[in-house]
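Peer 1: Quick paste of what Swiss-Prot says about this protein:
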type	residues	note
BINDING	Thr9, Phe10, His17, Gly93, Leu94, Arg95, Glu103, His128, Gln129, Ala130, Ile131, Ala132, Ser133, Lys134	ATP binding site
BINDING	Thr9, Lys41, Leu78, Arg92	substrate binding site
SITE	His17	site 'Transition state stabilizer'
Amino acid sequence: MRIGLYPGTFDPITLGHIDIIRRATLLVDRLVIGVAINRDKGPLFDLEERVAMIEAECAKLTEQTGTEIVVHPFENLLIDCARDVGAQVIVRGLRAVADFEYEFQMVGMNRALDDSIETVFLMAEARHQAIASKLVKEISRLGGDVSKFVTPLVRERLAERLGQR
């Protein structure tokens, strides 16, 4: 069984993330969505909320693709998480050259730690290249319309959290 790991903070999950997840399901039999517990980032949504939103959105994808999608929180090194879930490949999304520079360094470090686990990059579709969770939160916080960047469920959660009812 081919197992892939798509890691991220997903605070919140965006249409860009969902697009990468959908496309990653074409490459593996089981896709683990690794939700990073990154206390330094000070997430808007706690871990349970992020996991719930991801599970809700991925349930639809599982039905459409037939690929098993599992959500797995982690706080350890990414390469250790990959080992823990039995992943042979780490999936990363790229939006721009700036993403590549960071990801290139990460691949080098991960390969030094375990060269049996590959990393593959999926380029964001053009319509999703500008989407970043940080920007979505800022737009929502300032009262802007984020419907082009997130699902209705996530838009509703953002409005609730930021008191925009």
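The backbone N, Cα and C atoms fix where each Cβ goes, and this holds for glycine too.
On a predicted model such as this, the values are computed, not experimentally measured, just so you know.
Show me how these features fit into the shown structure, please.
Peer 2: Counted within 10 Å of its Cβ, the other Cβ atoms near Leu94 (ATP binding site) come to 16, all protein chains included.
For Leu78 (substrate binding site), the number of other Cβ atoms no farther than 10 Å from its own Cβ, over all displayed protein chains, is 21. Leu78 (substrate binding site) carries a helical DSSP state (H, G or I).
Neighbour list (His17 (ATP binding site), Cβ cut-off 8 Å, at least 6 residues apart, same chain): Gly8, Phe10, Gly93.
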Peer 1: Thr9, Gln129, Ser133: which of these binding-site residues has the highest Cβ count within 10 Å of its own Cβ?
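Peer 2: Per the Cβ count, the most surrounded site is Ser133.
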Peer 1: How many neighbouring Cβ atoms, not counting its own, are there within 10 Å of the Cβ of Arg92 (substrate binding site)?
Peer 2: 21
Peer 1: Return the residues near Glu103 (ATP binding site), defined as same-chain residues 6+ apart in sequence whose C-beta is under 8 angstroms from its C-beta, sorted by sequence, else 'none'.
Peer 2: Arg92, Leu94, Thr119, Phe121
